[in-house]
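Taken from Swiss-Prot, the feature Fe cation binding site covers Cys105, His147, His151, and the record attributes it to sequence analysis. Swiss-Prot lists Glu148 with the feature active site.
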Amino acid sequence: MILPIVGYGDPVLRKVGTAITPDYPNLKETIANMYETMYNAYGVGLAAPQVGLPIRIFVIDTTPFSDDEDLPADEQKDLKGFKRTFINAKIVKEEGEEWSFNEGCLSIPDVREDVYRKPTVTIEYCEEDFVMKTEVFDGLIARVIQHEYDHIEGVLFTDKISSLKKRLIQKKLKNITEGKTFQEYRMKFAAAKKGR
């Protein structure tokens, strides 16, 4: 089922997600709905808070990046078909020299900004089988992981840009909060909850 994506300004996007257990209600359905919602919105990642759930789950599928001819062939190959569910994730290390990439977010439509992140990340997480694993990722896969991980920590990519850039996008952010934006995917907005 395609779920509405929560827009900027909703308090759920600022909550630190709660860890879950294997008996979390409708877990498989929740994850399937998250993937379906992400694909419907042409995203490469989606975190549970973005569908209104303050829990520690995010899903990614970097396949759309694999067509980028500006990337080295080996990275294109890594990106193609990389699909993963991260449950109760914890980034244990970020390393390397920060690099900039123009990021966007399904919860913040029509806003894109350059964000600096480290190129390599070590992360502990469970997949749907709840077996804990530790893996190292780099490049765009690491970046997507860091972006989605931020969501389960209550952090948005707009928190990582300069105060000048924040001022320049303030009107857009206010419009999103008030639901004054149009997307081809379903969204719900903080102002609508207040009787707007």
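Cβ coordinates are placed from backbone N, Cα and C, and glycine is handled just like the others.
Any idea what these are sitting next to in the structure?
Long-range Cβ proximity for His147 (Fe cation binding site), meaning a same-chain Cβ under 8 A and a gap of 6 or more residues, is found for Gly45, Glu103, Cys105, Val115, Arg117, Phe157.
For Glu148 (active site), the Cβ neighbour count at a 10 Å cut-off comes to 24, with all displayed protein chains included. In three-state terms derived from DSSP, Glu148 (active site) belongs to a helical segment.
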